[in-house]
Structures are given as C-alpha cells and as structure tokens.
Amino acid sequence: MQLLKQLKWYFIQEYKNYTIAIFLLISISILQLYPPKLIGMLIDISIRKQTQKAPILPLILIILFISIIIYILRYMWRLFLFGASYKLAIKLRIEIYNYLCQQKNDFYLKHKTGDLIARITNDVDKVVFAAGEGVLTLVDSLIMGVSVIIVMITQISWKLTIISLIPMPIMAIIIKRFGKKLYSSYHDAQTTFSHLNNYAQENLNNIHMIKAFGLENYYSKKFLKIAHKTRKKNIKIAKIDSKFNPIIHLFISISHLLAITIGSYMITYNEISTGELMSFILYLGLIIWPMLAFAWMFNIIERGSASWDRIKSMINNNLFIHKKKYKNISNIPGILEVKINYFKYSKSNKTILKNINFKIRPGQILGICGPTGSGKSTLLKLIQRQIELYDGKISYHSIPITQFNIVEWRKKMSIVNQTTFLFSDTIANNIKLGKPYASQKEIEQATTFSDLHNDIMTFPQGYNTQVGERGIMLSGGQKQRISIARALLLKSEILILDNALSSVDNKTEINILENLKTWKKNKNTIIMCTHRLSSLINSDLIIVIENGSITQIGKHKLLIQNLKQWYGKTYLHQKLSNH
C-alpha cells in the first residue's frame, strides 16, 4: 500500500478521472446486489407454485436491464480509470527521460544502458499497472465485499453470514505473508531482467566485433547463462504466485460448504427459505471476486512497489523535485577562466588533472595538446559540464558555470568530436540539426567555412544528397567537415574542436583554419584540442598538458624554441614526418 501513498500526487492531479471511475465502480457494486435477491424471489415463487399470480416476466426483465446497465458502466469506468493510469506512463517516462538527459558521465558509469531501458519501460509498466488495476482491485474488492456482507447480514441471516465467513481472516493472514515474499522475488527478477537486457544491448551494439573474432558461441553461452538465471527468478515468482489462487479457492470452497450445510439445516427449521439460501450462495459467489481481487491486488502492488523502488534508486528521489534557480547567462561573449586544483574520477584513485589555470578572452583561440592520456579530454568534459569539478572553479563572465542552468550553458557551446555521427538523411538536414529552420544561405556559409561547399556541389543532388545506409558513402574528412559546418551554423560563443581535423588533409586543414579566423571576428572563442600541432600555429594561447598538469604555456613561436620539451620536440618530429 506504500506505493499508492507515494503516488498520491498523481491521484490528486487526476482526481476527476479517478473520482468518476470510483463512483461508477460503487454504482456497479450496488446494482450487482439486486440480481441474486431477485433470483431468490423467483425460486421461492416457483417452489410455492404461485407463477400465475406472481410477476415473473417483469422480474426477469429487471435482471436483464440491470445486466445491461452494469455492462455500460463497466465500459465507462475502464475509459476513465485506465485513461488516467496511461497518462501516468507518459508523464513518468517524460520525467525520467528528461532526468536522464541532465545526468553527467558519472551517472552513466554507475548505470548501464540496458538497465536504464528496463527501468524506463518494464518498471514503469508495473507502476502504471498498479495505478490502474491496483486501484480498481482495491476499490472494487472493498466496496463489493463490504456491500455483499451487509446485504447477507441484513437481508438473509447474520448467523449464516458469520459462520460462512469464518475462513476469511485466516486467508487474509496467509495472503499478507505471501505479499512479503512476492516483493523481494519481484525485485530480484527485475534486477536480473535488467542484466539480461543490458547484456543483449551491449552485444548487439558490438556484434561486428564479436563476429570479427569468431566469438558467437562464447557470447551465446554467456547470454544463455544469464537467461537461465532470469528464468529461475521468474519460476520462483511463479511458484509463489501459483499458491495464491488455490489457497483462495480452498477457503471459498470451505465457505460454500459451510453455507450449504448450515443453510440446509436452517431451511428445515424455517429460519430461511430455499430462495434465500440460493440468494445467499449467489452473494457468496459475488465475494469470490473481492477475495481474488484482494489477493491479486497484493500481487500487483508488490510488483509495482518493487519497480517503483528500482526507479527511485536510479533517480535518488530527485524526480518531480522543485527545480533550482539559476543565474542568467549574458548574451555577450565573456572571459572563460579555468582553475582546477585537483580532479579524479569517482571510481578511481588516479589523479587526472591538477593545478590547471588559464584564461581565454572572447575572440581568442586556445590550443590544447599533450601526450595521449594526459587529461585533455577530461578538461573539455569539465568545461562542457559532462562531469562535475569538485576542487576548483570554471567561470564565465566571472560567474561559476555551476550557477548556470546546464542546458543554457551548453547552448553557449558547439562541440565537434573526432568521432562523427550522421543521420540517414540529406546533407542539408544533417548540417542544420541544431538549427532546423536555417536558410540555405546560412547552410552554404557554414559549409564554405568548413571547406565543404565545393565537395557538396559535385554530388548528384547537392545539398539534398542522402547520406548514411541508403545514401552515398562519405570519406572520414567529409564527415568531419559536415560536423564542423553543423557547429559553425549555430554561431555559438564557444566552439570546441576535439581532434576535429584528424581526418582531413593538410591543404583542407589550412583552408579551414584560415576560414575560422574570419568566423571568429564576431568575438567567438575557439578551443582546439589536437595531436596535429600544425593546427595550433595561429592560436592565441597554447597549453601543453602532461600527466594531468600544464608543463608549457604560451604561443606557438615561443614553445617551438625549446626542443627539449614536449611541444618543440613533437612539432619538429611531425614536421620531418610530413616532409
């Protein structure tokens, strides 16, 4: 029942639908009380042989009319109740998706993709089922059960009612004990399902590697092992589940046996009529649903509770919380200042960055270089707030970037990574991904800056040429230039190029770098991280990072003078290699 309390906010939000549904359920419960009474009257009339005088046909028509009304009302409550619960599914998934979009890399290191998919699909379904079927069974079982018992006591015999319901408290105690077992079993089964889902997702993503190394059988066996584990967990649930209905039917049968035995005895002493006993047995039959529903409700609620706890453990109770107030970011390009005292990843003891201090003004180009694994990519992630800095400060306009809304902060930046991603769409649509309503003139201006326009005009359909699986195959350099054009189109205040020119030739690289000089005249800041030091010649400031620390800082002309240090030595080596 704790789950229903935790979903109170949603029941209040959808109170109209739930109120109408509950009202209809109450109406149905009341209407269902009449047919057994009327059938008992018909039986007594038949036994007394008063069929000619008694209104048998009207009684039959009343029973038929009530049945039709009940059918219509059942249809209507389904629309209101399940309509409301399905809205919960949409709301939960949107909120969870938005929450996931705002998380940083640390979050995705803790939670695997398959597990997240399982929680946003399978677990949400279980919670929604509890908000729909769970509420139905709770309300219907209580109202129907109480109503029938009241009628049995007041209209037929209180003695017969008490004797017939003796097995019910025992059944309730047993159901409660099963509920606790079900909760832990469902939680374990959902966790195992998440592992299975995640394993399948990882294997499908890397199927080309599995095939390349001939590891199909090996990974199939591992998958089978996890599938068997999932099967065992579900069988455990099925075993507990399978005891529910037999126990309920056993106690219902005992109730019927007591009713018929004691009722027959009461007929002989004229305490009740045969028709009343038949009505009583029919009423007892109406209690079967509340009993089954009550047990089923525990089943549904425990499933939903286990799933809700899994969702909460993922979001750390941060869903639907009041959003923090952030400072506004000026639309005027500002100074970006980085002061990193110390940084390491949460699951590692290794220091990634330390004593990183630099400042870059609007319109300047910052070059970042250094050996592989020195911390360059981590620095870029910290600036983008993909990961959070705990010891130090990164400021823009002299305001720490943590005080800005993360979405608004990222809108200030355009990022081009070494690994490019293109949709199966036209070249134009791929370029205007971040600015869907960009004009053709704006697109062509961006491709001119990225030295791609002439290449595109050689394609059969120009900017409308399809790329991807069903289109033409582009070279690595062309893909990178589409990504650069996509970023330049946004005209963001900060442009981050992370090895973005690694696949282009020297001539194209020179053209792009010259074009960027023109592009940044609007005071755009460029941060360029690269292994190719020739790309940094025109940088206003270059920092060399080795083992997480800045070992050299200055302009290109200054840094190449010292051939004993990394920058001068590497630049000379690359220059000789090119020749």
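In case you wondered, yes, glycine gets a Cβ from its N, Cα and C as well.
These features come from Swiss-Prot:
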- 18-303: domain 'ABC transmembrane type-1' (DOMAIN)
- 20-40: transmembrane segment (TRANSMEM)
- 53-73: transmembrane segment (TRANSMEM)
- 134-154: transmembrane segment (TRANSMEM)
- 155-175: transmembrane segment (TRANSMEM)
- 247-267: transmembrane segment (TRANSMEM)
- 281-301: transmembrane segment (TRANSMEM)
- 338-572: domain 'ABC transporter' (DOMAIN)
- Gly370, Pro371, Thr372, Gly373, Ser374, Gly375, Lys376, Ser377: ATP binding site (BINDING)
> So which residues does the transmembrane segment (247-267) touch in its own chain, when a touch means Cβ under 8 Å and the partner is 6 or more beyond its ends?
Replying inline: 157, 159-160, 163-168, 170-171, 174-175, 273-274, 277, 280-281, 284, 287-288, 291-292, 295
>> Using Cβ atoms only, which residues of the same chain lie under 8 Å from Pro371 (ATP binding site) while being at least 6 residues apart in sequence?
In response: Glu546, Trp566
> Within 8 Å of the centroid of the Cβ atoms of Gly370, Pro371, Thr372, Gly373, Ser374, Gly375, Lys376, Ser377, which other residues of that chain place their own Cβ, given that this set defines the recorded ATP site?
Replying inline: Ile545, Glu546
> Can you tell me the mean pLDDT for the domain 'ABC transporter' (338-572)?
Replying inline: 89
> So which one is it: of the binding-site residues Gly370, Gly373, Gly375, which has the fewest other Cβ atoms within 10 Å?
Replying inline: Gly373
> So of Thr372, Ser374, Ser377, which of the binding-site residues has the fewest other Cβ atoms within 10 Å around its own Cβ?
Replying inline: Thr372
>> What are the sequence-distant neighbours of Lys376 (ATP binding site), meaning same chain, six or more residues apart, C-beta distance under 8 angstroms?
In response: Ile368, Cys369, Gly370, Cys529, Ile545
> What does DSSP call Lys376 (ATP binding site) in the simple three-state scheme?
Replying inline: helix
